[in-house]
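Features of the protein shown, as given by TrEMBL:
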- 146-306: domain 'PROP1-like PPR' (DOMAIN)
- 1-30: repeat 'PPR' (REPEAT)
- 31-65: repeat 'PPR' (REPEAT)
- 66-100: repeat 'PPR' (REPEAT)
- 134-168: repeat 'PPR' (REPEAT)
- 169-203: repeat 'PPR' (REPEAT)
- 204-238: repeat 'PPR' (REPEAT)
- 271-305: repeat 'PPR' (REPEAT)
Amino acid sequence: TTLLKGHARKGNTAQCHHWYDQMVSAGVQPNVQTFNTLLAGCAASGDSALMEEWFGKMQAAGVAANRITYSIMVTGYAKKGNMTQCEHWFNQMVSEGFQPTVQMFTTILNGCVGHTAQMEKWYRKMKTAGFRANLATFHILFKNFARHGNTAQCGRWYDQMVAEGVQPDVHIFNTILDGCAAARDTALMEKWFDRMQAAGVPANEVTYNTLLKGHAGTANTARCEHWYNQMVAAGVRPNAQTFSTLLDGCASAGDTALMEGKIQAAGVAPNEVTYRTLLKGHARKGNTARCQYWYDQMVAAGVQQVSG
């Protein structure tokens, strides 16, 4: 079982099969822990067909599945986003008298990201089963809605979260801000930042970079500069991503020169994206001298430009 566990952790299903055959040939009978280890290896490698095959072998060997077995089957399919099979094994587990856990529901919800109706259905199942949603649960819900820029649902679930006594953290707010940025609703994005401060949650580097991304997406260089200054005033150090985001907004607005001095003053080493954005911005303006300058700087810094 120890040999199987080592290969299962790496998702090496071929070696798992080899050592299972060796074990049986040596007259050692597999037990539920053996099969759970094999199933976990299949889940880790994303091989659901083989996972089902091993479950069949488990039954053929007369070994009864336990709660861990079903948990592996359910979460294995959830991680692949196969919610039909996930629900099948969930129902099978419950019919065998095994109860789900909040961690299982959280994994299932994560598998539903991108499928709002499925996600809300599983959330209701979790509540019906008597489980209280935790911060991780709500983070997954917000991630789903933010990805699609669905700010209305973000607001609805935020109210639900607070009503259930779960306090938001910086990751929750950052996810909501990202949803506002995706929706290009910068006014709402700034309102959520105000709510974040009112809740006593300190902003971090990701918070400010997200605010900058939102305004850069609308080429609002004035608000970009405002939030950059707020970031520095708050003692949050800008990084290469910060400047890449700012420069992208400036390039869209045709004002790349605005941020050049800030990059050099901050002492942040530009990365490949930063250099590419600088080159793109100056190229749009036909400023070949600045293009040559930043190209030479990039080469001198040993930064390789990715094609495209």
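Glycine too: its Cβ is placed from the backbone N, Cα and C atoms.
Mean pLDDT for the domain 'PROP1-like PPR' (146-306) in this predicted model: 88. If one looks beyond the repeat 'PPR' (66-100) by at least 6 residues along the same chain, the residues whose Cβ comes under 8 Å of a Cβ in the stretch are 32, 35-36, 39-40, 42-43, 46, 48, 51, 55, 58, 107-108, 110-112, 114-115, 118, 126, 129, 131.
Sorting the repeat 'PPR' (169-203) by DSSP state (H, G, I as helix; E, B as strand; all else coil) yields 26 helix, 0 strand, 9 coil.
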